[in-house]
Amino acid sequence: MEPENLTATSKFILLGLSKENDIQPLLFWLFLFIYLVCIIGNLLIILAIGSDSHLWTPMYFFLSNLSFTDICFISTTVPKMLVNIQAQNKSITYEGCVTQMYFFMFFSGLDSLLLTVMAYDRFVAICHPLRYMIIMNPYLCVLLLLLSWLICLAYSLLQTLMFLRVSFCKKTEIPHYFCELAQMLKLACSDTHANDILLYCVTGLLGIIPLSGILFSYSKIINSIVGISSARGKYKAFSTCGSHLSVVSLFYGAGLGVYLTSQTSYNSREGSVASVMYTVVAPMLNPFIYSLRNRDLKQVLRRLFHSTGDRSQCDNIKMDT
């Protein structure tokens, strides 16, 4: 089949997670439930942090940005999949595919960099507690956030511009539920050698460097915790970074699982199922991990729910009178 550049009317076919028509309603309601839980959970964290001045600290500043990023991250893939299942139409336009791919790369990279910045924040809080507010001043926090955004913008834009040079054959079927760059390059009819090199180099840098920064931070944190004499002091120090460590393990563990599956499995559909953990389950679980393991956040959320309940009771009394 002769390769040609896709036009605005050209479409890809997203094969999704399963070809079985019988389980499509189950997939729809399952992913709709996960999506709503993720959105509501992360919005509650943002609302809780914004409503209590005691949480206006660097750690919670980055946590609120991580919650916002998770909302955007899951929104790049799940809504389109739900629409396709409901409409029984698996097509996606070329422009829609490129847009989805750009934002997926941007928010996945931003997730990784924010987790690295949060690891540095915990390192300063535990290893240099007396200088914490001096080092992690508002200017540095905004600078780190802005730098993370700029890096991801440049990386995603570079990958997308390189992708626009690739040609495809007509009626291209994607064995996935969203447009992933690695899968798209496998389906190209033109030479993708330069794209493959760029993908592996940039992905390696954005994966290895942040992970190395996280591991270095936690090696220093562990050394500091070991040096604490009291058991209560050790527990208090570890509890401040336990939630972050759990999220990091989930994020990078799921990402590593997706990579290993794509390298060892010849069935692309198995890779798409494995990527659900990385793209859907991880953003959904993050609010539960932080809210259940963080005492301050639990107290604010509890007060938030109680105040909402009291307000609704007052409204009902006024209506009765």
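Placement of Cβ uses the backbone N, Cα and C atoms for every residue, glycine included.
Automatic prediction, not curation, is the source of TrEMBL annotations.
If you look up TrEMBL, you'll see 41-290 marked as domain 'G-protein coupled receptors family 1 profile'. The transmembrane segment annotation in TrEMBL covers 26-49, 61-82, 102-120, 132-158, 197-216, 237-260, 272-292.
Residues 14, 16, 28, 31-32, 34-35, 38-39, 42-43, 45-46, 49-50, 92, 96, 100, 103-104, 107-108, 110-111, 114-115, 117-118, 121, 141, 145, 177-178, 247, 279-280, 283-284, 286-287, 290 of the same chain, all 6+ positions outside the transmembrane segment (61-82), place their C-beta atoms under 8 angstroms from a C-beta of that stretch. Just going by CB pairs under 8 A, the stretch in 26-49, 102-120, 197-216, 272-292 that sits most against the transmembrane segment (132-158) is 102-120.
Ranked by the number of CB pairs under 8 Å to the transmembrane segment (102-120), the listed stretches 26-49, 197-216, 272-292 are led by 197-216. Residues 16-17, 31, 34-35, 37-38, 41-42, 44-45, 63, 66-67, 70-71, 73-74, 77-78, 104, 108, 175-178, 180, 243, 246-247, 250-251, 254-255, 257-258, 261-262, 298, 301 of the same chain lie 6 or more positions beyond the ends of the transmembrane segment (272-292) yet place their CB under 8 Å from a CB of it. In this model, the domain 'G-protein coupled receptors family 1 profile' (41-290) carries an average pLDDT of 85.
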